[in-house]
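Notes follow the structure.
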Amino acid sequence: MSILAWVKKKRKQELLINNSSISKQELEKNNLEINNSNDNALWTRCDYCGVILYIKHLKKQHYVCIECGSNLRINSTDRIENLIDSGSWRPLYETISPCDPLKFKDKKNYPDRLQEAQKRTGFQDAIQTGTGLINNVPVALGVMAFDFMGGSMGSVVGEKITRLIEYATKKGLTLILVCASGGARMQEGILSLMQMAKISAALHIHQSCAKLLYISILTSPTTGGVTASFAMLGDLIIAEPNAVIGFAGRRVIEQTLKEKLPDNFQTSEYLLHHGLVDLIIPRSFLKNALYEIMNFNRQAPYKKLGYIPEIN
(Lines of atoms letter the chains of each structure in order from A; the text may use other names.)
(Lines give C-alpha, C1' and ligand atoms only; values in the text may rest on other atoms or scores of the structure.)
Protein backbone atom coordinates (compact mmCIF):
# COMPACT_ATOMS: atom_id res chain seq x y z
CA MET A 1 0.00 0.00 0.00
CA SER A 2 1.37 3.41 -0.95
CA ILE A 3 1.79 6.21 1.60
CA LEU A 4 -0.97 8.25 -0.09
CA ALA A 5 -3.39 5.31 0.02
CA TRP A 6 -2.52 4.71 3.69
CA VAL A 7 -3.21 8.37 4.56
CA LYS A 8 -6.57 8.30 2.76
CA LYS A 9 -7.54 5.13 4.60
CA LYS A 10 -6.66 6.64 7.98
CA ARG A 11 -8.67 9.79 7.18
CA LYS A 12 -11.72 7.68 6.36
CA GLN A 13 -11.30 5.76 9.60
CA GLU A 14 -11.08 8.99 11.61
CA LEU A 15 -14.26 10.28 9.96
CA LEU A 16 -16.08 7.07 10.88
CA ILE A 17 -14.92 7.25 14.47
CA ASN A 18 -15.84 10.93 14.88
CA ASN A 19 -19.34 10.47 13.44
CA SER A 20 -20.32 7.19 15.06
CA SER A 21 -20.20 5.26 18.30
CA ILE A 22 -17.88 2.57 16.91
CA SER A 23 -14.49 2.29 18.58
CA LYS A 24 -11.16 2.51 16.82
CA GLN A 25 -10.36 -1.09 17.74
CA GLU A 26 -13.61 -2.36 16.22
CA LEU A 27 -13.00 -0.35 13.07
CA GLU A 28 -9.50 -1.73 12.60
CA LYS A 29 -10.65 -5.24 13.46
CA ASN A 30 -13.42 -5.30 10.88
CA ASN A 31 -11.56 -3.13 8.34
CA LEU A 32 -14.68 -1.09 7.58
CA GLU A 33 -14.44 1.32 4.70
CA ILE A 34 -16.73 3.80 3.00
CA ASN A 35 -17.69 2.77 -0.51
CA ASN A 36 -20.80 4.26 -2.07
CA SER A 37 -20.54 2.11 -5.19
CA ASN A 38 -20.27 -1.21 -3.32
CA ASP A 39 -23.55 -2.97 -2.57
CA ASN A 40 -21.90 -4.72 0.40
CA ALA A 41 -20.61 -1.51 1.97
CA LEU A 42 -21.54 -0.86 5.59
CA TRP A 43 -21.26 2.92 5.48
CA THR A 44 -22.25 5.71 3.14
CA ARG A 45 -22.07 9.48 3.06
CA CYS A 46 -25.00 11.89 2.89
CA ASP A 47 -25.03 13.70 -0.46
CA TYR A 48 -26.23 16.91 1.20
CA CYS A 49 -24.48 17.38 4.56
CA GLY A 50 -21.59 14.91 4.20
CA VAL A 51 -22.19 13.05 7.45
CA ILE A 52 -21.16 9.38 7.59
CA LEU A 53 -24.16 7.06 7.93
CA TYR A 54 -24.43 3.40 8.91
CA ILE A 55 -26.42 1.76 6.10
CA LYS A 56 -28.21 -0.70 8.40
CA HIS A 57 -29.59 2.18 10.49
CA LEU A 58 -30.20 4.30 7.38
CA LYS A 59 -32.39 1.57 5.90
CA LYS A 60 -34.56 1.57 9.03
CA GLN A 61 -34.95 5.34 8.63
CA HIS A 62 -36.22 4.87 5.01
CA TYR A 63 -32.94 6.33 3.72
CA VAL A 64 -33.55 9.71 5.32
CA CYS A 65 -30.41 11.35 6.72
CA ILE A 66 -30.61 11.53 10.52
CA GLU A 67 -28.43 14.64 10.53
CA CYS A 68 -30.07 16.96 7.96
CA GLY A 69 -33.33 15.11 7.17
CA SER A 70 -32.62 14.92 3.43
CA ASN A 71 -34.02 12.08 1.34
CA LEU A 72 -31.22 9.93 -0.04
CA ARG A 73 -31.66 7.79 -3.13
CA ILE A 74 -33.46 4.52 -2.42
CA ASN A 75 -33.72 1.56 -4.76
CA SER A 76 -37.01 0.11 -5.97
CA THR A 77 -36.74 -3.07 -3.87
CA ASP A 78 -36.39 -1.09 -0.63
CA ARG A 79 -39.32 1.10 -1.64
CA ILE A 80 -41.48 -1.97 -2.08
CA GLU A 81 -40.40 -3.29 1.31
CA ASN A 82 -41.29 0.07 2.90
CA LEU A 83 -44.74 0.23 1.31
CA ILE A 84 -45.98 -3.35 1.05
CA ASP A 85 -46.85 -5.65 3.96
CA SER A 86 -44.22 -8.28 4.58
CA GLY A 87 -44.74 -11.44 2.54
CA SER A 88 -47.58 -10.04 0.43
CA TRP A 89 -45.62 -8.85 -2.63
CA ARG A 90 -46.40 -10.76 -5.83
CA PRO A 91 -44.37 -9.56 -8.86
CA LEU A 92 -45.96 -9.42 -12.31
CA TYR A 93 -44.48 -9.49 -15.83
CA GLU A 94 -40.89 -10.04 -14.66
CA THR A 95 -39.83 -11.82 -17.84
CA ILE A 96 -40.65 -9.05 -20.33
CA SER A 97 -37.31 -7.98 -21.82
CA PRO A 98 -36.28 -5.09 -24.09
CA CYS A 99 -34.92 -5.47 -27.61
CA ASP A 100 -33.07 -3.18 -30.02
CA PRO A 101 -35.51 -2.36 -32.84
CA LEU A 102 -33.57 0.68 -34.04
CA LYS A 103 -30.09 -0.93 -33.87
CA PHE A 104 -29.06 2.10 -31.83
CA LYS A 105 -25.44 2.88 -31.10
CA ASP A 106 -23.77 5.83 -29.41
CA LYS A 107 -20.58 5.28 -27.41
CA LYS A 108 -21.86 1.75 -26.82
CA ASN A 109 -24.34 -0.52 -28.51
CA TYR A 110 -27.77 -0.37 -26.90
CA PRO A 111 -27.82 -4.15 -26.16
CA ASP A 112 -24.50 -3.76 -24.31
CA ARG A 113 -25.95 -0.98 -22.16
CA LEU A 114 -28.96 -3.15 -21.40
CA GLN A 115 -26.83 -6.11 -20.40
CA GLU A 116 -24.70 -3.95 -18.10
CA ALA A 117 -27.79 -2.49 -16.42
CA GLN A 118 -29.43 -5.91 -16.08
CA LYS A 119 -26.31 -7.42 -14.56
CA ARG A 120 -25.85 -4.52 -12.14
CA THR A 121 -29.45 -4.27 -10.94
CA GLY A 122 -30.82 -7.77 -11.43
CA PHE A 123 -33.88 -6.38 -13.28
CA GLN A 124 -34.92 -6.80 -16.89
CA ASP A 125 -35.82 -3.11 -17.18
CA ALA A 126 -36.40 0.09 -15.23
CA ILE A 127 -39.56 -0.82 -13.30
CA GLN A 128 -40.90 -3.43 -10.90
CA THR A 129 -44.62 -4.18 -11.05
CA GLY A 130 -46.81 -6.41 -8.94
CA THR A 131 -49.56 -6.65 -6.35
CA GLY A 132 -49.46 -6.55 -2.57
CA LEU A 133 -51.13 -5.38 0.60
CA ILE A 134 -50.84 -2.01 2.31
CA ASN A 135 -52.13 -2.56 5.84
CA ASN A 136 -54.16 -5.48 4.43
CA VAL A 137 -55.63 -3.41 1.57
CA PRO A 138 -54.81 -4.94 -1.85
CA VAL A 139 -53.14 -2.66 -4.40
CA ALA A 140 -51.42 -2.84 -7.77
CA LEU A 141 -48.01 -1.20 -7.45
CA GLY A 142 -45.35 -0.13 -9.94
CA VAL A 143 -42.00 1.23 -8.75
CA MET A 144 -39.53 2.71 -11.20
CA ALA A 145 -35.84 1.85 -10.77
CA PHE A 146 -33.67 4.92 -11.37
CA ASP A 147 -30.50 2.83 -11.15
CA PHE A 148 -31.49 1.09 -14.41
CA MET A 149 -30.44 3.55 -17.13
CA GLY A 150 -31.76 6.50 -15.16
CA GLY A 151 -35.26 5.02 -14.90
CA SER A 152 -35.78 5.86 -18.57
CA MET A 153 -39.11 4.86 -20.07
CA GLY A 154 -38.70 2.46 -22.96
CA SER A 155 -41.12 0.05 -24.58
CA VAL A 156 -40.81 -2.52 -21.78
CA VAL A 157 -41.50 0.05 -19.06
CA GLY A 158 -44.55 1.27 -20.99
CA GLU A 159 -45.78 -2.27 -21.61
CA LYS A 160 -45.39 -3.34 -17.98
CA ILE A 161 -47.18 -0.24 -16.69
CA THR A 162 -49.99 -0.68 -19.23
CA ARG A 163 -50.45 -4.34 -18.30
CA LEU A 164 -50.42 -3.44 -14.60
CA ILE A 165 -53.12 -0.80 -15.17
CA GLU A 166 -55.26 -3.25 -17.12
CA TYR A 167 -54.81 -5.89 -14.41
CA ALA A 168 -55.78 -3.39 -11.70
CA THR A 169 -58.83 -2.37 -13.73
CA LYS A 170 -60.04 -5.94 -14.18
CA LYS A 171 -59.47 -6.81 -10.52
CA GLY A 172 -60.87 -3.53 -9.18
CA LEU A 173 -57.62 -2.58 -7.42
CA THR A 174 -56.24 0.80 -6.47
CA LEU A 175 -53.27 1.63 -8.69
CA ILE A 176 -50.11 3.22 -7.26
CA LEU A 177 -47.13 4.23 -9.40
CA VAL A 178 -43.88 5.45 -7.82
CA CYS A 179 -42.11 7.61 -10.39
CA ALA A 180 -38.34 8.13 -10.63
CA SER A 181 -37.14 8.77 -14.15
CA GLY A 182 -35.07 10.92 -16.42
CA GLY A 183 -37.75 10.64 -19.12
CA ALA A 184 -38.18 8.69 -22.34
CA ARG A 185 -35.36 6.37 -23.46
CA MET A 186 -33.59 7.93 -26.41
CA GLN A 187 -32.20 4.58 -27.61
CA GLU A 188 -35.73 3.55 -28.59
CA GLY A 189 -36.72 6.79 -30.28
CA ILE A 190 -40.37 7.17 -31.23
CA LEU A 191 -41.21 3.78 -29.67
CA SER A 192 -40.46 5.21 -26.22
CA LEU A 193 -42.59 8.29 -26.89
CA MET A 194 -45.50 6.09 -27.95
CA GLN A 195 -45.63 4.68 -24.41
CA MET A 196 -46.91 8.04 -23.13
CA ALA A 197 -50.12 7.77 -25.16
CA LYS A 198 -50.52 4.03 -24.50
CA ILE A 199 -50.28 4.41 -20.72
CA SER A 200 -52.54 7.47 -20.72
CA ALA A 201 -55.22 5.58 -22.67
CA ALA A 202 -55.12 2.71 -20.18
CA LEU A 203 -55.37 5.18 -17.29
CA HIS A 204 -58.43 6.79 -18.87
CA ILE A 205 -60.24 3.45 -18.74
CA HIS A 206 -59.07 2.80 -15.18
CA GLN A 207 -60.06 6.22 -13.85
CA SER A 208 -62.87 7.57 -16.00
CA CYS A 209 -64.63 4.37 -17.06
CA ALA A 210 -64.00 1.92 -14.21
CA LYS A 211 -64.05 4.76 -11.60
CA LEU A 212 -61.02 3.33 -9.80
CA LEU A 213 -58.38 5.22 -7.84
CA TYR A 214 -54.93 5.99 -9.21
CA ILE A 215 -52.30 7.53 -6.92
CA SER A 216 -49.10 8.94 -8.39
CA ILE A 217 -46.04 9.28 -6.13
CA LEU A 218 -43.31 11.60 -7.42
CA THR A 219 -39.76 11.06 -6.19
CA SER A 220 -36.50 12.72 -7.13
CA PRO A 221 -36.02 13.00 -10.02
CA THR A 222 -39.24 12.80 -12.05
CA THR A 223 -38.67 14.48 -15.40
CA GLY A 224 -39.23 14.34 -19.14
CA GLY A 225 -41.84 12.13 -20.77
CA VAL A 226 -42.83 10.50 -17.48
CA THR A 227 -43.82 13.89 -16.08
CA ALA A 228 -45.60 14.67 -19.35
CA SER A 229 -47.77 11.56 -19.08
CA PHE A 230 -48.74 9.21 -16.25
CA ALA A 231 -46.85 10.95 -13.43
CA MET A 232 -49.22 13.94 -13.58
CA LEU A 233 -52.44 12.02 -14.30
CA GLY A 234 -53.08 10.74 -10.78
CA ASP A 235 -56.37 11.30 -9.01
CA LEU A 236 -54.04 12.25 -6.19
CA ILE A 237 -50.46 13.37 -6.82
CA ILE A 238 -48.11 12.91 -3.88
CA ALA A 239 -44.50 14.07 -3.80
CA GLU A 240 -41.57 13.47 -1.48
CA PRO A 241 -40.00 16.50 0.24
CA ASN A 242 -37.50 18.43 -1.91
CA ALA A 243 -38.01 16.13 -4.90
CA VAL A 244 -36.89 17.44 -8.30
CA ILE A 245 -39.92 17.36 -10.60
CA GLY A 246 -40.15 18.90 -14.05
CA PHE A 247 -40.24 18.40 -17.79
CA ALA A 248 -37.38 20.32 -19.41
CA GLY A 249 -34.14 21.09 -17.61
CA ARG A 250 -33.67 24.24 -15.58
CA ARG A 251 -30.95 25.60 -17.87
CA VAL A 252 -33.08 25.05 -21.00
CA ILE A 253 -36.01 26.94 -19.45
CA GLU A 254 -33.79 29.83 -18.33
CA GLN A 255 -32.28 30.14 -21.79
CA THR A 256 -35.72 30.06 -23.41
CA LEU A 257 -37.33 32.59 -21.07
CA LYS A 258 -34.21 34.73 -20.69
CA GLU A 259 -34.99 34.93 -16.98
CA LYS A 260 -33.38 33.76 -13.75
CA LEU A 261 -35.56 31.11 -12.09
CA PRO A 262 -36.11 30.86 -8.31
CA ASP A 263 -33.72 28.65 -6.34
CA ASN A 264 -36.53 26.25 -5.41
CA PHE A 265 -37.82 25.99 -8.98
CA GLN A 266 -38.91 22.44 -9.95
CA THR A 267 -38.97 21.24 -6.35
CA SER A 268 -42.01 19.53 -4.85
CA GLU A 269 -42.57 22.51 -2.53
CA TYR A 270 -42.61 24.90 -5.49
CA LEU A 271 -45.07 22.67 -7.36
CA LEU A 272 -47.31 22.36 -4.30
CA HIS A 273 -47.45 26.14 -3.98
CA HIS A 274 -48.47 26.43 -7.65
CA GLY A 275 -51.09 23.68 -7.53
CA LEU A 276 -49.32 20.95 -9.51
CA VAL A 277 -48.95 18.60 -6.53
CA ASP A 278 -51.65 17.69 -4.02
CA LEU A 279 -49.59 16.55 -1.04
CA ILE A 280 -46.01 16.34 0.18
CA ILE A 281 -45.56 13.34 2.47
CA PRO A 282 -42.29 12.20 4.11
CA ARG A 283 -41.27 8.62 3.49
CA SER A 284 -41.81 7.50 7.06
CA PHE A 285 -45.51 8.46 6.89
CA LEU A 286 -46.20 7.40 3.30
CA LYS A 287 -47.50 3.87 3.89
CA ASN A 288 -50.02 4.90 6.54
CA ALA A 289 -51.03 7.94 4.49
CA LEU A 290 -51.76 5.73 1.49
CA TYR A 291 -53.88 3.46 3.67
CA GLU A 292 -55.89 6.41 5.00
CA ILE A 293 -56.43 7.74 1.47
CA MET A 294 -57.61 4.38 0.15
CA ASN A 295 -59.83 3.81 3.18
CA PHE A 296 -61.40 7.26 2.77
CA ASN A 297 -61.99 6.64 -0.94
CA ARG A 298 -63.57 3.25 -0.23
CA GLN A 299 -66.01 4.74 2.28
CA ALA A 300 -66.89 7.84 0.25
CA PRO A 301 -70.66 8.26 -0.26
CA TYR A 302 -72.44 8.59 -3.61
CA LYS A 303 -69.78 6.72 -5.55
CA LYS A 304 -70.63 6.03 -9.18
CA LEU A 305 -70.37 2.49 -10.49
CA GLY A 306 -67.86 2.08 -13.25
CA TYR A 307 -67.60 -0.21 -16.22
CA ILE A 308 -64.89 -1.70 -18.43
CA PRO A 309 -65.56 -0.94 -22.11
CA GLU A 310 -65.20 -3.68 -24.69
CA ILE A 311 -62.28 -3.01 -26.97
CA ASN A 312 -62.12 -4.83 -30.28
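Each residue, glycine too, has its Cβ placed from N, Cα and C.
All annotation found in TrEMBL is predicted automatically rather than curated by experts.
Look at TrEMBL and you will find 42-312 tagged as domain 'CoA carboxyltransferase N-terminal'. The zinc finger annotation in TrEMBL covers 46-68. The annotation Zn(2+) binding site is assigned in TrEMBL to CYS46, CYS49, CYS65, CYS68.
For the zinc finger (46-68), the model's pLDDT averages out at 89.
Within the set of binding-site residues (CYS49, CYS65), the lowest number of other Cβ atoms found within 10 Å of a Cβ is recorded at CYS49. The highest number of surrounding Cβ atoms within 10 Å, among the binding-site residues CYS46, CYS68, is found at CYS46. Each residue in ASP47, TYR48, GLY50, VAL51, LEU53, ILE66, GLU67, GLY69, SER70 lies on the same chain as CYS46, CYS49, CYS65, CYS68 and has a C-beta within 8 Å of the C-beta centroid of that Zn(2+) site, without being one of the site residues.
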